[in-house]
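Working notes for the structure below.
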Amino acid sequence: MAGLLSSCCGRVYALLPDSAHPSAQQKTPFGVNRYVLLVIYMIYALLTSSVYFGWRSMSAMLFKSGQFSWVCTGESADTSPEEGETDYLCALQDTKVQSLFTIAMACHFTCSAVAGYLLDTVGPKAVALLGQTFNALAWILLAFSGPNFRSVYPAFVFMGAGADVSVYPTLLIVNLFPGSTALIMATLGACISLSFFVPLVLRTMWESTGISFEAVCIGYAVAGPILCAVVAFFFIPFKAFKGVDNFSACVEAEKLANSPTAQSSPKAVDSPPCDEGASSRGRLAVSHNTERTAPDDEQEKDNTERISLSDLACDPRFKKQKVSFSSQAFTFLYFGICLYFTVCGWVMAYYQEAAGRFLCNDAEYTLEILTPLSTIPCLLFGVVINRIGIMPVILMLNTIGLLTYVCVVAAESVVAQYFSVIFFFMYISIFTTQMYVFVESTFDSAHFGKLIGVASLIGGLLSLISNVLYGDVTVGMLNGDTRPVVIALLAVIILMYPILLAMRTKRNRKKQMEQEDIRSRVLELKAAHAADAA
């Protein structure tokens, strides 16, 4: 029984991030434990980030507060719906309110690139404070918007602008959890998804308490963005935590240098970081004491042949080389992930817009329930990525997207509709997280912010094409028939397979070349040390 318990504990412990690794021992604000800091960042992401994505409740609040009610006069009033049928007063008000989502999303993805650039240049604390300033301004302007002070447009400009700007700095905490970056990314991604519930909570409070719309908005501005700005001031560092790749060479080199099989080809593995501070902790110790017994001499020989982490950190041959942004961005791998992320955006957005045309009422209701629960498979995918890597999971998700639309083609069957909902539920669970993890594990950490920002900008803006596919093509040209667009998207998903397989091959080759470079430098260092000892 004790052996079984010990075995179970060992397996659970193996799933935990490495605590002995130098990267896990980096300094945190006020020396806060890294797990406590993670919980703080999770609450931070939950309270703010992309709250406007809870659009159903958000738009209901806008209608009820009378936003754009001033346009329902004259001819526009003639298009008013029957009383009690809808939330809006006239069709023009509905159009104006719905346009706010597109405005916010365009600002959101445009500012993603700006946020990424600032994250790499100015630092995480300044970026977080800027983002929360945008968020606070958005809700304050919304609180006072009305016929005499029409500030609803700038409110949603700031709301979109602050979404990624405020939350990007929290992603850098993954550098404190070497070997578990995907799980930590997925955890933060789940919290960002849960922030979509904020408008629902605010709407429920407003309707149940009877307080004014102004009080709801100001109250959230204080309890959300302003509180998170205080958290950012104290708990988000000025300088980003050092990336895993800053130390991967010296840590992996230590394993190779001190391994009896160092002469054999090393396996390509994802290497964790090592601490630059180790460079001041000493060099190789060579004993000059000749008054030793034979066993002592043999032990001393073994010790002097070992190469320590501090030696490797000191050695200039293991210092991380600086690379330019263009050398990372203008590559097949980066082009591939941007293209894949864009296709994911089309698949996800069109399904959500057109679901009412190919799902029965019960299946559509199931979709509404499952969508917020997509945080659950998000965490599971994070564990799987840590085990098998990001590319197999991306290929798996592309297959899940394919199955989603295959079931849509067969939507005459109610069973196929429910399978479609289940597949889509899994597909959207790790929508942005998969891109973050791929960039973090493939490219130089010095450009992490810029790379995810540009990818979000490209994928986000091009995902707006789904509005054309649904509004102009499906509704306008095809009279509501979704099949032609669904088949076209199926073809696009299938065409992604050769690109993704080529990306996997290219990425594996890149990792192998990095390992071979480390191996050659280790052997060079060992030879130099042997010559010095002789």
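Keep in mind that glycine also has a Cβ here, set from the backbone N, Cα and C atoms.
Copied over from Swiss-Prot:
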type     : residues : note
TRANSMEM : 35-55    : transmembrane segment
TRANSMEM : 99-119   : transmembrane segment
TRANSMEM : 126-146  : transmembrane segment
TRANSMEM : 154-174  : transmembrane segment
TRANSMEM : 182-202  : transmembrane segment
TRANSMEM : 216-236  : transmembrane segment
CARBOHYD : N246     : N-linked glycosylation site
REGION   : 261-302  : region 'Disordered'
COMPBIAS : 289-302  : compositional bias 'Basic and acidic residues'
TRANSMEM : 329-349  : transmembrane segment
TRANSMEM : 365-385  : transmembrane segment
TRANSMEM : 388-408  : transmembrane segment
TRANSMEM : 419-439  : transmembrane segment
TRANSMEM : 451-471  : transmembrane segment
TRANSMEM : 483-503  : transmembrane segment
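With a threshold of 8 Å between CB atoms, the same-chain residues lying at least 6 positions outside the transmembrane segment (329-349) that come near it are 394, 397-398, 401, 404-405, 424, 427-428, 431, 435, 438-439, 442-443, 447, 450-451, 454-456, 458-460, 462-463, 465-467, 469, 489, 492-493, 496, 499-500, 502-503, 506-507, 510. Here the transmembrane segment (35-55) lies next to the transmembrane segment (216-236) in space: the count of CB pairs under 8 Å, restricted to residues six or more apart, reaches at least 3. Here the transmembrane segment (182-202) has Cβ contacts under 8 Å with residues 17, 38, 41-43, 45-58, 61, 167, 170-171, 173-174, 216, 220, 224, 372, 374-375, 378-379, 381-383, 385-386, 390, 430, 432-433, 436-437, 440-441 of the same chain, all six or more residues outside its ends. Tallying C-beta pairs under 8 angstroms between the transmembrane segment (419-439) and each of 154-174, 365-385, 451-471 places 365-385 first.
For the transmembrane segment (483-503), same-chain residues at least 6 beyond its ends with a Cβ under 8 Å from one of its own Cβ atoms are 332-333, 336-337, 339-340, 343, 346-347, 350, 354, 358, 391, 394-395, 398, 401-402, 405-406, 408-409, 469-470, 473-474.
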